[in-house]
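One structure is given here, and the rest of the page talks about it.
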Amino acid sequence: MSNRSQFVPSWLVPEAAGDLPLTVSRLSLLALAAAFAVGYGAGFAVPLEVQAGVYLLGMVAMNLPHGGYEHFENLRRRAASFQGKYIVAYLVGIAAFGALFFVAPVAGLGLAVTVAVAKGGFGGVQSMDALYGTDHLRTRPQRWLAAVVRGGAVMVVPMLFWTDVFYAFSSVMISIFDPSAVSALGGDIATRRLVLGGGYGALVVAHLGLGYRRAAGTGSFLADAAETLLLIAYFALVPVVIAVGLYFPLWYSARQVARSSAVDDTAMTQADATGMLDALDADDPARATLASWAVLIVGSVATFGLAAVLWLLSPQPLGGGGILVGLVAFWSIFVSIIALPHVVVGGWLDRTRGIWYVP
């Protein structure tokens, strides 16, 4: 639990390393939430097709490169044996999660939601460690609570405020594999919302209450509380398709860039290790540039190759939706499949460094 609160920026004008992407993440979500709040008052509505286009722009063009960057940055300066095990574990995770969708799509969707919560939550807590400290989170259960609340905003809040759209897209996602399984989403949705909203609300109150009581006056609690409430407001006010599509590039990725800028990972370098990515650190600029290009190409081919395999194996790749809506559903499934090992292997099992490394 790193404590850098003494270097903490103010809420809007940080001074620590990584201050620019941190500020961008906050102002972006604040501006979007405010814009949609004003828009609703003026009777403005965004067509679903436009929302889908924004989602694809955010998740494919803006956010996908950062996911690859996280892995390559984590694997740089690591031994070849570790890199090999990492890649194998990653591919096994992808295969297992992909198989779950074909066998039990509803369970797969449930796990996908859990992965999104975990990625946003635990990745967020790690960025807090590096950027403004977490001295108000004094125990491991309290850190988990913070992660669930922050990550829960990504999925739970849209379920509460954008219920119809959330369930409609969930139905399309399930229909990619088995349209008959959609019936499992039926039932008393109003009661589910009540239970889900009550439970999440209690967790938010507990998180903020404990943080307030254990705050040490360094500013970390105030920053955490403000960001938590901002996330909740953002996902409540911004249409869910746009909200999710822009959250990952504008918030998650931006804050991980800020974390990377704020920490020094040179101490974790295995000086005597020889790995598959050593050429990236070559003294010869031409060789380093060529290696970077090769990594980009290999990563792109591998990613879209996996997407192509999923597309070809899926009984109904667009889930019965239109082109844009179907692509949003398909890409959401694909991203969740590759995100599972991203979180489990890259974030949790790699205890030496990991994609969210903070010394």
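Glycine is no exception: its Cβ is also placed from the backbone N, Cα and C atoms.
The list of residues near the transmembrane segment (27-47) in space but at least 6 beyond its ends in sequence, with Cβ under 8 angstroms from a Cβ of it, reads 12, 230-231, 233-234, 237-239, 242-243, 246-247, 250-251, 254. Here Swiss-Prot flags 27-47 (among others) as transmembrane segment, drawing on sequence analysis.
Residues annotated as transmembrane segment in Swiss-Prot, with sequence analysis given as evidence: 48-68 (among others). Proximity of distant same-chain residues to the transmembrane segment (48-68), defined by a Cβ-Cβ separation under 8 Å and at least 6 residues beyond the stretch ends, is recorded for 165, 239, 241-242, 244-246, 248-250, 252-253, 256-257, 299-300, 303, 322, 324-325, 327-328, 331-332, 335, 338-339, 342.
Residues or ranges marked as transmembrane segment in Swiss-Prot: 87-107 (among others).
According to Swiss-Prot, the transmembrane segment annotation covers 108-128 (among others), on the basis of sequence analysis.
Residues 48, 105-106, 109, 112-113, 116-117, 120, 181-182, 184-185, 189, 193, 196-197, 200, 231-232, 235-237, 239-241, 243-244, 247, 318-321, 325-326, 328-329, 332-333 of the same chain sit 6 or more residues outside the transmembrane segment (154-174) yet have a Cβ under 8 Å from a Cβ within it. Residues or ranges marked as transmembrane segment in Swiss-Prot (evidence: sequence analysis): 154-174 (among others).
Counting same-chain residues at least six beyond the ends of the transmembrane segment (194-216), those with a Cβ under 8 angstroms from any Cβ of the stretch are 5, 135-138, 142, 145-146, 148-149, 152, 156-157, 159-160, 222, 224-225, 228, 232. Summarising the annotation, Swiss-Prot assigns transmembrane segment to 194-216 (among others) and lists sequence analysis as the type of evidence.
When Cβ-Cβ distances below 8 Å are used as the criterion, the transmembrane segment (229-249) is approached by residues 26, 28-30, 32-33, 36-37, 40, 46, 48, 51-52, 54-59, 62-63, 66, 120, 150, 153-154, 157-158, 160-162, 165-166, 169, 204, 328 of the same chain, each at least six residues removed from its ends. Annotation source Swiss-Prot lists transmembrane segment at 229-249 (among others).
As annotated by Swiss-Prot, transmembrane segment applies to 293-313 (among others), with the evidence given as sequence analysis. Sequence-distant contacts of the transmembrane segment (293-313) (same chain, at least 6 residues past either end, Cβ-Cβ under 8 Å): 64, 68, 72, 94, 98, 102, 277, 280, 330-331, 333-334, 337-338.
What Swiss-Prot lists as transmembrane segment is 320-340 (among others), and the listing cites sequence analysis. Among residues of the same chain six or more beyond the transmembrane segment (320-340), those with a C-beta under 8 A of the stretch's C-beta atoms are 48-49, 52-53, 55-56, 59-60, 67, 93-94, 97-98, 101, 108, 111-112, 115-116, 119, 169, 172-173, 175-176, 179, 241, 245, 303, 306-307, 310-311, 314.
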Completion exercise
Near the transmembrane segment (108-128) in space but 6 or more residues beyond its ends, with Cβ under 8 Å, are 97, 100-101, 134, 137, 143, 146-156, 170, 173-174, 177, 220, 223-224, 247, 252, 255-256, 258-259, 332-333, 336-337, 339-340, 342-343, 347-348, 355-358
